[in-house]
Amino acid sequence: MTSIEKLLVQGIRSFDPREASVIDFYSPLTLIVGQNGAGKTTIIECLKYTCTGEMPPNCSSGQAFIHDTKIAGESEVKAQIKLRFKNPIGKPIVASRSLSLIQKSNKKQEYKQIDASLQSYTSDGQKVSKSFRCSDMDKEIPDLMGVAKPILKHVIFCHQEDSNWPLSESAKLKLKFDEIFSAVKYTKALKSLKDKRKELTTLIKELKLRLETISANIEHCNRIRKELIKAEEIYSNGNKSLEDIKIAIIEKQKTLSTIKIAESKLQELKNEVTVLNARKLEMERVKNQLFNSLTEVYQNETDEELVFMQSEFNRECETMATAEKELLENSEVLLSQKEVINNLIKENSSQKGRLQSLISQQDSILSDRDKQMKELVTRYKMSDFIQIQLPYQKEIVIKFINEITQKFDTLTSGISNYSKTNKQKLNAIQMKINQKRVDSNQFTSSSNEKMSTITLNSKKIQSLDQEIQQHTNSIGEIDTLEKQIQFSQSELSILKSDANLQEIQQSLDNLTTEKLEIEKEIQSLQSSLKLLNLQASSRTRLNIKRKEIQQNQQNINSQLNSQIINSINLILPNEFNNDNNNDDDDDQFRFNIIQRIEPIVPLINKKRLIFTNQLNELKQQFQILQNKKNQIDAQLTSSIEPQLKKKQIELESYEKLINDSKLKQSNLFENVNSNNNNNNNNNNGITVLLFENKINEMKLSLEKLEKSFIVLESEDILYKEYIEKANQDKECSLCKNEMNGNELTSFVHTLETHCNDIPNQLKQLKIEISNSKIQLEKFNKLLPIIVKREELIEKSIPELKESQKNLLEQQLKSNEMVLEKQNQIESLESQSVLYQQVTLVFQYIDQTKQSIQSIESEIQKEEKEIMKQSSDLRTIEEVDKDLEIQQEQLKTIEKEISNFTNKQKNDQIGIFEKERQLISIKNQLTTIKSASGIIDHLRDTKKELQSNNQQLQLEIENLQQSIDQSNNDAKQLENEFQQLEIEFEKKIDAYSKEKNTFSVRLDSINSLQSKILDPSELCKQLNEIQEKNQELESNLSTLSQDYLIGQQHISTIQQNLSSKDITKRAISDNISFRQHKNNVEQIIRQISRKNELIKEMMQSQLEIDSNKLEQEINSLKSKFDQITGQTAVLQSQINSNRQELSKPTYKNIDDVNKDLLIKLQTTETVGKDLDKYYKALDKSLMKYHTLKMDEINRSIKEIWQTTYKGSDIDTIEIRSEESGTANKTINYRVVMIKGDVELDMRGRCSAGQKVLACLVIRLALAENFCSNCGILALDEPTSHLDRANIESFANSLLNIIESRKSQKGFQLIIITHDEEFVQYLSRGNYCDYYWRVTKNANQHSHLERKEIAEL
């Protein structure tokens, strides 16, 4: 077991920072004694800090934990704590922590952790040191000590301020026990499993929904694929037919084109001849007209001479035209100059009008300015300006503006200063008010404190009266107690003579020596085994499980104590006596009892068949019925009824949507309803089947319309070609019959009428297709609603109503059965108490046996696993065999030690119990004898408290007067503050209004002054404009004369040009006549050449039937158009299907479906496994917690009953209760039990009972949780305890030491100021020395070891 040996302290709290203090810890008891404030608790704080890293409470983040720099007179104080201890295997370890406290310049102190290290020794004896971060060392030391950190914090090294934590608030108590049981990490594990299960459940639902969607998509995808394959096959055949037709048409068109080219050339020549003849006639007519129109015929001149004459006349005319152009340009320049001058005159006239307007406005502006200035002079009594006559001169105005501006600035600054002064006054009054309120609060607080002191003193007086009464009543019991002392002493001497403690101790020493030798041999074998075996951790687990089996067997033996045996004798006298008569050996005796209990259990169960079994069965039935009833209630209220309501609301919403759609599309719904006249059960008269049929009909109708649209488009193109061909060839393109004029006109008119009607038909078809698509889309959207509505009406709602009806019937039956079972349980519960104790023992033994069997099966599994993975089986088997032999020997010795220990323990307990009773009686006698002195002391204390109360009452009255005075002064100051504030606000408002008026007037005067101009300057500008106008009018007159002269020259030139033009025209007409004559002769020659070519082509043209060829081509084209239309529809369908298949929804849809299916199945498997894990872990935790709490409460009961001397509490227990929440949290509370009555101890016990209960609980926790660490430190355990309980507590500690002293490493550390308590503890002779803590001359804590005999 772990044990601590030495502690070095330097610079902690009041310990000297320059010199280290060392304390040795003894086994099994270490006593530390000192006055209050000497530094005793610092030792516990250092132990706790070294082992856990936890600072003491209220130490300012470590600054108060180190010796203060101001007291030491240094800027830095360094501190160190060293602890030497041995781990559970006896290996020495030294833990060291170094700290410092630095004084900063800003009067603040800085705390630092300098170093944290561990020192240990190797097998060769060499020292090994390792440094850690503080957080790592906080985890390392508890592991080395073999105990959890919460046990070190709250149990072993519990601080004095936290020692009463078992009776703290429920939340704090739960936090402590959760840390001790390590509940947080297991709770987190459970919560993590639960959260993960919820996530998986949600994921499974999502995966199922996705699978349903994907399955529907797969069906749709397969259907589209089939349609696509079929359409592609038809489309491929159609394309092949089109290629063949196209090749045939091209060949026939080549032949026809050759013929057409020849015909067209012949026709072109004929046309050209016709045109030339027409041109010839026209030119002859023009030639004759020209000849008739000639005024003069030039017959003697040649053509060249006529052209020369024409050119000369042209040159003269051009010269005259140039002169005319120049004159016209000069005229335009003169006109533009006149326009410019007119614009300048207009502009000067407008500027002249503006100046005249300004001159007329100056008087009104001056008058307005002077009026406003006069008002300001009168308002503010400006003496310098009162006597000045109007209008004001410019210098007067400037001076006035300057002065009035200065007055405005003075007014603004005055307002600001006034506001600042008044705010200072208000702030001063507010500060006085605040001070009065602070004084009143201080007086009130002081009065409340004194009142609480009076109340506390009154309670103390009542307590003193009770103690005086108790001591007065106990004086008459002296003779009775003396007789009891004599009788107890005689019984004690008899018990000591009967017990052979020395012989038993000698046997135990010999067996312990032998056990140690065997343990060393086992350790040697185990070390050899570890070298050979790679599964060290598995071997360790095997050893732990074997120890668990031994511990469980010991627990079974401890359960079969004398009390249980007596109980079995009472229940089964014959069976038990037959087994017990001839057995001397204790182990064999208990083994026989255990063997006999197994066949006895059915016998007991038969006897309890009427009581316990029937009661348990009834309780189970009752619980099942109650759970069923609760489930039915919950299912009705939380599941069925909300679902039914939800479904009905959903149905109403669907009905509303359908009704709205019926109103909007009444004609369509009438068609649907007409097909459903015989169906009266379905609401709205619409079924899913009829609705789907209607949608299919609409799809067929839409397909027919689209086909009609494509056919009409083809007809439009084809008929236009027929019209064109008919006009060209005068025959029908289909039948190739020639048509005369009327037939052709009628034929073309019929085709054109049909073609003209096609756009209207196409437009009408587009509208019908669009309407059909819209209606189809609306019906498709409405189809899911119809489906859901029908499912609700026919399935969901009837099923829910049927479930509701069945649940209501079950609820009625369950209520009747629950009442019946409850009455039966109440009648049988009182009859099962007699068998409860023995049954609980049997249950415990049965559970322990099951646990042993479970552990043995786990051991077998571990051994099989190790043997499978082992590489050297033979060597391991040999070592295992030797190890088993040694372990068997060790078990035999341990059984013998256990037998001797139990016998020694029973004898010691009997002797100790008699000694305790004797000491208790002596203490009562001493207490009663000293009662008279105590009564006088209590009465003096009572008088002193009464006088203190009177004094405090007078002080409270004086404080109340001060409070009233402060409140009155505060009210007066508040009234003054409000009056000043109102007056200030009124004056500020008046000043602000005056300032605004002043600012508006000043701005107005400045604006008017800026508009005033010099009149002389305006008149000067007006004269200049008038002079400019006169000059411009003179220039305008000159330009007008020049313009008239130019116009006269232009008229003369134009007359000359007109006379020359007559001669020129005669020459031109003669030239034109001669040209036309030559052209007519040239055309006659062309006509003769063309006629010769026509004769040649008509002779060489082959006679080929072109009409039949055209009919064949038209037939092929018609077939080609028909197939083209079909392929276009197929191509559209193929593209649509391919687009549909290329959507992300259908891409890799088979793989997605497969992956989703696998994921769903694996997720469901994982969810089931998580449920199993959660239930197994939860069950294991609750079972462990229940067993551990039973062990703790048994230990508490044993210690309490041997310690507490009062008769008001039989025992105390820790109750652990599961909360009703879903998280299954466990709440704890400490209860005190008297008879069958159980009360919460918190708030109902005295201070002494509180301290004793907390100590007992800590002792019990240490006993049950510290299997590898036998250390326990108690700091001032006797505070608030009376003398009788102090002595009894000391005896209990001695009993614990006595029972544990054989355990290697058990240490009890007690810190106290009560030397009498130390004397009680010294009676056990478990320590020769004690440590005394004192303060030296420098007020540093000093440790000194002294002999216990000196006390």
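Cβ coordinates are placed from backbone N, Cα and C, and glycine is handled just like the others.
Taking all protein chains in view, 18 other C-beta atoms sit within 10 angstroms of the C-beta of Gln160 (Mg(2+) binding site). The secondary structure of Gln160 (Mg(2+) binding site), as reduced to three states from DSSP, is helical. Per Swiss-Prot, ATP binding site is recorded for Arg13, Asn36, Gly37, Gly39, Lys40, Thr41, Thr42, Ile66, Asp68, Gln160.
The feature Mg(2+) binding site is assigned by Swiss-Prot to Thr41, Gln160.
Within the chain, the coiled coil (182-224) has long-range Cβ neighbours (under 8 A, six or more residues past its boundaries) at 148, 150, 1137, 1140-1141, 1145-1146, 1149-1150, 1152-1153, 1156-1157, 1159-1160, 1163-1164, 1166-1167, 1170-1171, 1173-1174, 1177-1178, 1181, 1223-1226. Look at Swiss-Prot and you will find 182-224 (among others) tagged as coiled coil, backed by sequence analysis.
The coiled coil feature in Swiss-Prot is assigned to 250-290 (among others); the stated evidence is sequence analysis. Proximity of distant same-chain residues to the coiled coil (250-290), defined by a Cβ-Cβ separation under 8 Å and at least 6 residues beyond the stretch ends, is recorded for 1069, 1072-1073, 1076-1077, 1079-1080, 1083-1084, 1086-1087, 1090-1091, 1093-1094, 1097-1098, 1101, 1104, 1106, 1109-1110, 1112-1113, 1116.
Feature annotation from Swiss-Prot assigns coiled coil to 338-358 (among others).
Look at Swiss-Prot and you will find 458-562 (among others) tagged as coiled coil, backed by sequence analysis. Across the coiled coil (458-562), the model assigns an average pLDDT of 72.
Positions annotated as coiled coil by Swiss-Prot, on the basis of sequence analysis: 606-715 (among others).
In terms of DSSP helix, strand and coil, the domain 'Zinc-hook' (688-784) has 86 helix, 2 strand, 9 coil. Marked as domain 'Zinc-hook' by Swiss-Prot: 688-784.
The feature Zn(2+) binding site is assigned by Swiss-Prot to Cys732, Cys735, with sequence analysis given as support.
The coiled coil feature in Swiss-Prot is assigned to 760-1045 (among others); the stated evidence is sequence analysis.
Residues or ranges marked as coiled coil in Swiss-Prot (evidence: sequence analysis): 1074-1128 (among others).
The number of other CB atoms found within 10 A of the CB of Gly37 (ATP binding site), across every protein chain shown, is 13.
Across the fold, the C-alpha of Asp68 (ATP binding site) and the C-alpha of Gln160 (Mg(2+) binding site) stand 22 Å from each other.
Gly37 (ATP binding site) sits 13 Å from Gln160 (Mg(2+) binding site), counting Cα to Cα. Here Arg13 (ATP binding site) is positioned 16 angstrom away from Gln160 (Mg(2+) binding site), judged by their C-alpha atoms. In the shown protein chains, 16 other C-beta atoms lie within 10 A of the C-beta of Asp68 (ATP binding site). Residues Arg13, Asn36, Gly37, Gly39, Lys40, Thr41, Thr42, Ile66, Asp68, Gln160 are recorded as binding ATP; their most distant pair of Cα atoms lies 22 Å apart.
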